[in-house]
Ligand SMILES: CC(=O)N[C@H]1[C@@H](OP(=O)(O)OP(=O)(O)OC[C@H]2O[C@@H](n3ccc(=O)[nH]c3=O)[C@H](O)[C@@H]2O)O[C@H](CO)[C@@H](O)[C@@H]1O
């Protein structure tokens with residue numbers, strides 16, 4: 001299959017696309033892929049690192065209020081659609097897949113206008129603005145939360161789950177050793193990160209909790225977010241960081257590390273949730289309050305209701321609440337076991353295969 005993929009901005013849109021590509025190449029080794037992203041997003045780092053060809057377009061989001069910037073956004077959209085058509089003509093894909101972010105709006109719109117089979121993947125329970133716009137034009141729509149179904153034209157929707165789930169599930173027997181990070185393999189390890197970019201309030205709470213974490217019988221690996229690392233390191237200048245705590249800017253090889261994690265503290269982004277539930281990782285979710293329609297709280301509640309996760313709302317987050325919940329999970333293996341079982345019940349470990357079926361359907365129906 002010649003597949004053109006577009007999705008960008010944050011890891012939550014990029015990793016599902018990469019997971020799908022990895023699986024497609026396994027089942028169809030002669031697959032050719034081209035990735036189209038934005039000039040500024042995380043994809044500029046992650047996509048070439050995965051050995052894929054990347055082309056970029058210059059796009060930006062609409063402001064919700066009336067603003068002159070919106071004229072520029074409109075201009076950039078029209079120009080991006082024009083540039084996307086050229087990229088599509090040169091690559092001549094069999095199918096075009098969009099995984100969200102403004103750039104996929106231009107690319108999928110261009111492809112639909114050129115009568116090329118199109119599929120979008122929505123990772124969230126509340127549909128993103130780009131996918132909502134595209135839903136009129138594309139052939140098929142794949143979702144990961146049942147709650148998204150009613151927000152799309154019913155005849156196009158397929159429940160697939162998030163392909164990242166299948167990718168991490170395939171690594172279940174990872175032989176990763178924490179000694180690579182200066183930690184030990186004989187202590188339970190808690191991983192902490194605030195989504196793909198890090199989160200200031202989570203970072204501050206972890207910094208404040210480090211003197212206590214130093215005394216625990218468990219380990220902590222904490223990713224600050226690439227751009228927030230310096231700031232955290234400045235705050236830690238006068239704090240001693242114990243041997244059982246490791247602070248890094250970003251964790252690039254999650255599929256290898258996640259199966260070795262005893263528990264996780266994270267935002268409630270859709271892709272993180274797909275990973276947690278595919279592996280059954282007991283988690284403390286701290287939903288981002290800065291997202292459309294507070295959708296991370298809805299994502300998180302789906303797990304909390306089933307006993308698969310605990311939740312701390314951001315306005316209640318500090319070192320004390322974090323430590324309280326962390327100890328509850330990390331100091332009791334039976335609690336972790338129960339949460340893990342509940343979590344696995346929600347997981348969709350064959351999501352990539354189901355999405356490939358949808359791509360094939362779009363291709364077939366065009367013939
Ligand atoms: C603030 C915002 O708009 N967040 C949205 C964004 O989240 P964002 O991209 O932050 O979050 P997600 O949780 O969906 O995905 C994060 C991804 O980054 C990975 N990761 C994270 C940290 C790290 O050090 N290394 C690493 O590889 C995680 O394993 C995961 O695969 O897109 C998601 C999917 O549309 C939405 O649900 C989120 O609400």
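Cβ coordinates are placed from backbone N, Cα and C, and glycine is handled just like the others.
Residues or ranges marked as UDP-N-acetyl-alpha-D-glucosamine binding site in TrEMBL: 10, 11, 12, 124, 196, 251, 296. According to TrEMBL, the feature domain 'Glycosyltransferase family 28 N-terminal' maps to 4-142. Per TrEMBL, the feature domain 'Glycosyl transferase family 28 C-terminal' maps to 189-354.
Features recorded in TrEMBL, as mapped to the structure shown.
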residue : record                                        : CB count, 10 Å
10      : UDP-N-acetyl-alpha-D-glucosamine binding site : 18
11      : UDP-N-acetyl-alpha-D-glucosamine binding site : 23
12      : UDP-N-acetyl-alpha-D-glucosamine binding site : 27
124     : UDP-N-acetyl-alpha-D-glucosamine binding site : 27
196     : UDP-N-acetyl-alpha-D-glucosamine binding site : 23
251     : UDP-N-acetyl-alpha-D-glucosamine binding site : 15
296     : UDP-N-acetyl-alpha-D-glucosamine binding site : 28
Give me the DSSP three-state residue breakdown of the domain 'Glycosyltransferase family 28 N-terminal' (4-142), ordered helix, strand, coil.
65 helix, 27 strand, 47 coil
Reduce the DSSP letter at residue 296 (UDP-N-acetyl-alpha-D-glucosamine binding site) to three states and note it down.
helix
